């Protein structure tokens with residue numbers, strides 16, 4: 001797609017940038033950078049004949065090497081590993097914790113140990129966009145690791161319920177930051193042709209974290225105080241995340257938005273290679289509509305030009321949690337125990353199912369596309385929840401009840417990890433324009449944490465009061481609603497550059 005100078009800089013925009021240049025040194029540098037964006041476009045147009053897809057891909061030079069950014073994707077995925085670990089660490093250890101800290105049998109207190117972490121996640125997620133926009137991704141990742149180290153230490157040394165709750169609150173703050181940072185960072189440093197595959201790495205890391213917590217927690221019921229070891233272990237990957245981020249590159253998109261075009265160009269060269277730099281810079285300049293130096297206000301996201309895409313994102317995350325997935329992760333041991341199944345072996349199977357589904361998503365994300373995986377995933381989850389509801393009905397025999405219950409949970413986790421787990425974060429980070437990406441993601445993820453909080457808090461109480469048949473039927477209904485919602489509202493982003501997606505959703509006014 002060709003782009004003319006007049007379409008990038010109208011007389012009105014030139015006047016705006018002249019006014020901005022009077023706001024101090026930073027604004028002056030930014031204004032100079034804005035005028036310089038024409039040079040990137042003109043130079044690349046002259047050399048290639050047109051502005052091509054992100055990362056400067058052309059028929060002559062092909063795609064940039066995936067190896068250049070691969071290690072940095074793995075480092076960022078440590079945040080997702082920690083999210084998965086803390087998501088599952090309470091599963092095997094909750095009974096031991098409640099016995100040692102003297103709140104055994106209090107379902108509300110047990111639910112609070114789970115949900116207080118999610119409340120912290122809401123706080124971390126709410127401020128994640130502001131933190132990223134202010135300090136960048138590298139420092140934000142390090143800030144994410146800090147409360148996880150502190151909170152894990154507090155949980156491991158807790159002497160009573162309140163000490164445990166405070167530690168879990170700190171951990172939750174880091175959990176709220178981690179998934180947002182990992183998704184945005186992967187989106188902004190990955191070549192377009194493998195962005196979906198790399199996005200699946202965060203889900204694989206989450207599943208590995210979940211499996212690790214379940215395996216490490218197995219001795220908790222037989223070994224006194226073992227649950228404290230489970231919390232101490234999580235401080236290690238958090239410390240590694242903070243250390244390795246010191247040697248990782250900053251997002252070139254963030255650098256460009258801050259007016260540091262030269263640093264952005266150097267980072268693209270590190271991530272993609274020299275032949276692709278001009279194309280990447282030209283596309284950033286092409287999608288830049290001005291105003292990046294200004295603060296994005298919450299009112300603009302909720303009531304302004306971007307309100308529809310923010311609403312769609314928030315609804316998708318809410319439906320993801322209303323499917324009941326984290327109720328399965330948090331309380332699968334309780335469900336298996338009621339079905340007469342060994343929680344140790346069943347939870348290991350859940351972890352394996354989650355990993356296999358995540359690996360399948362890695363292979364399929366850039367082949368089938370995001371929308372197809374979402375529809376198939378939510379459909380499979382609806383069927384799985386139907387099986388679990390059937391297991392609780394009077395029609396199921398005692399022998400069939402076990403197979404339907406455990407099989408339903410396994411199928412549910414597998415279907416979730418193929419699409420509904422990895423896709424929403426990746427899809428929305430692709431759909432949001434660069435100017436609002438971080439803050440819009442934080443708003444959408446806030447809905448995720450709010451719903452997650454109440455599911456974790458109320459699941460055991462609802463299971464007691466209305467029973468598994470009605471509760472699983474409700475979860476299945478939300479899965480079906482998610483299928484309809486995705487079919488009607490979600491955009492396919494497979495193989496498209498971030499700038500192409502932005503111009504599709506938000507054409508010039």
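Each Cβ is built from the backbone N, Cα and C atoms, and glycine gets one as well.
Here the structure is a predicted model, which means the values were calculated and not measured.
TrEMBL assigns the feature transmembrane segment to residues 466-486, out of the candidate ranges 277-297, 466-486.
When TrEMBL is compared with the stretches 141-163, 164-186, the one noted as transmembrane segment is 164-186. Per-residue confidence over the domain 'Major facilitator superfamily (MFS) profile' (72-494) averages 84 (mean pLDDT, predicted model). Away from its own ends, the transmembrane segment (466-486) comes close to residues 315-316, 319-320, 322-324, 327, 335, 371, 374-375, 378-379, 381-382, 385-386, 388-389, 391-393, 420, 459 of its chain (Cβ-Cβ under 8 Å, at least six residues beyond either end). For the transmembrane segment (440-460), the list of distant contacts is 107, 110-112, 114-115, 118-119, 121-122, 125-130, 176, 179-180, 183-184, 298, 301-302, 306, 309-310, 313-318, 320-322, 324, 326-327, 330-331, 334, 425, 428-429, 432, 471: same-chain residues at least six beyond its ends, Cβ to Cβ under 8 Å.
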